[in-house]
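**Student:** Have a look at this one before I ask anything.
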Amino acid sequence: MSDDDTEFTGSNDVEGDDTHGFSTDFGDTELGDDEPKQGLFDDLLSGEPIFENKEVLRPSYTPHELPHRSDQINKMATILVAALRGETPSNILIYGKTGTGKTASAKFVSKELESTSQKYSVPCDVEYINCEVTDTQYRVLAQLANKFIEKNKERIDDRIDSLEDLLGAIEEYEAGNDPSADESELFDYPDELADAPDDPNVSTGADNPDTPNESPVETEGYEDGDTAGDSGATADGAAEPSHPLASTPFDSVAEIEARIESLEEDKDSFEDVPMTGWPTDRVYNVFFDAVDYDERVVVIMLDEIDKLVEKSGDDTLYNLSRMNSELENSRVSIIGISNDLKFTDFLDPRVKSSLGEEEIVFPPYDANQLRDILEHRSDVAFKGGALSEDVIPLCAAFAAQEHGDARRALDLLRTAGELAERSQAETIVEEHVRQAQDKIELDRVVEVVRTLPTQSKLVLFAIILLEKNGVHSINTGEVFNIYKRLCEEIDADVLTQRRVTDLISELDMLGIVNAVVVSKGRYGRTKEISLSVPLEETEAVLLSDSRLSDIDDIQPFVQARFEN
């Protein structure tokens, strides 16, 4: 799961947030005589809602305020401010456990960076990649390439539109009419439009004085005695609008048209990268060219960067970290976000040195900080009086036990509210929080079991079968016997008993089983194994696997265990 780290509070002012909810009032709706009677959903809607804005408790919510993370945010800002000066910021590595605000803080700072860059007209782009989903070098480069290709095409379209507006204004001016729009608005062109190609075939007014429509208009240096038209003044002394070209870097209509043609060729040259099928070198070259098309500072945010290194090695990071030595127009900075403080141990020393120029650690939240977070969010999320006094402290206490995971705290509060609303309670109480804790834990177990490798599922299935048949104090040998029969049934490879013991230890670490080493005196030591999760729900998840669902008759295998 990506660490979206939504464990921070949002501002009480939700105006302008990223939620997409809508409000509906069903309380005063009356049914006519000829309308159908109250149905299932009418009954459910008749209750008073608890939530005011549930979305502020979800991971997708973008907050306006991040309390208890000002130190980390300020450090990031002091590093990234270099981008606003047109310099290359240092690369940053951000560490911290799940739910400590890493991703949220990085996104918050990046959003501020982009808005400030627009304010001061400094070209700066920030791109976010979730490496748990986009987990290969090809996919990372392809996704980045396509994003920058899209940005380039949009900017090219904007430039072409501005140039076409200029051509229209020139046509109106030379027809004797003022431009239809405010001149300062139409023709305050950015420097990027000055890049008219040095085409020797494009004639200017200076080269061809017989083309008055394309001749540049002088705006200063007139001598006394010039005519009113030449001086930019009418006969009665009123100011006459200057030629639209006077406020642009272009000398002629031909130059503008050549620039438009050049931009259209640039746009046509960009080819989107397919998500599979190209050589990686080609994908990298397309990405490189797309990034370097404009002068800008680029910040690439790689969330769950350890997952990318774990699956694909450090080739991606090596390529990204060496780009600046080859780029001509742009500069690239990398922000890596990781739950694993030791993942850099697996990096090439050159990559490690370049990537870890700056490091920022996010510590877990304590219970008081979690209470602050929940109180700020609850003011926006719930109707007045919807929470009993002990709800937020209990949510904070549960989450503090989970290494200060504010995401867990927000999930608890939201789930407790949903359970209260489903039971048509008017207030969320402590019991709803405890029910929410059980539900979230069960959901976690289901997800963990669902994603286990097949061999681990077979070992777990063997333990479940033994418990279902009344076997207590299960030992490793008993599990191994049932495991072998299950492997034979689905034609799976049989691992050694030592490897099965290792898999049992892994299930123990995940909290799915409890394995305790006990001494049997002269018979040696053995592990006693018991299930730590709900049996029926866990079995249902295992049987949803198509390979395990092929086991038609389980009971004989258990009986075979007693015969051995």
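Any Cβ shown, glycine's included, is placed from N, Cα and C.
Annotation comment: TrEMBL describes Thr100, Gly101, Lys102, Thr103, Ala104, Tyr365, Arg377 as ATP binding site. According to TrEMBL, the compositional bias 'Polar residues' annotation covers 201-216. Marked as compositional bias 'Low complexity' by TrEMBL: 228-239. What TrEMBL records for 88-366 is domain 'AAA+ ATPase'. What TrEMBL lists as domain 'Cdc6 C-terminal' is 460-542. According to TrEMBL, the region 'Disordered' annotation covers 1-40, 190-251.
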**Student:** For the binding-site residues Thr100, Thr103, which Cβ has the most other Cβ atoms within 10 Å, all shown protein chains included?
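**Tutor:** When each Cβ's neighbours within 10 Å are tallied, Thr100 tops the list.
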**Student:** What does DSSP say about Arg377 (ATP binding site): helix, strand or coil?
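**Tutor:** SS state of Arg377 (ATP binding site) = helix.
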**Student:** Applying a 10 Å Cβ distance cut-off over all chains shown, what neighbour count does Gly101 (ATP binding site) have?
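**Tutor:** Gly101 (ATP binding site) is surrounded by 29 other Cβ atoms within 10 Å.
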**Student:** Which numbers of helix, strand and coil residues does DSSP report for the domain 'Cdc6 C-terminal' (460-542)?
**Tutor:** 48 helix, 16 strand, 19 coil
**Student:** DSSP secondary structure for Tyr365 (ATP binding site), reduced to helix/strand/coil, please.
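**Tutor:** Once the DSSP labels are grouped into three classes, Tyr365 (ATP binding site) ends up as coil.
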**Student:** Between 0 and 100, where does the mean pLDDT of the domain 'Cdc6 C-terminal' (460-542) sit?
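**Tutor:** Result for the domain 'Cdc6 C-terminal' (460-542): average pLDDT 87.
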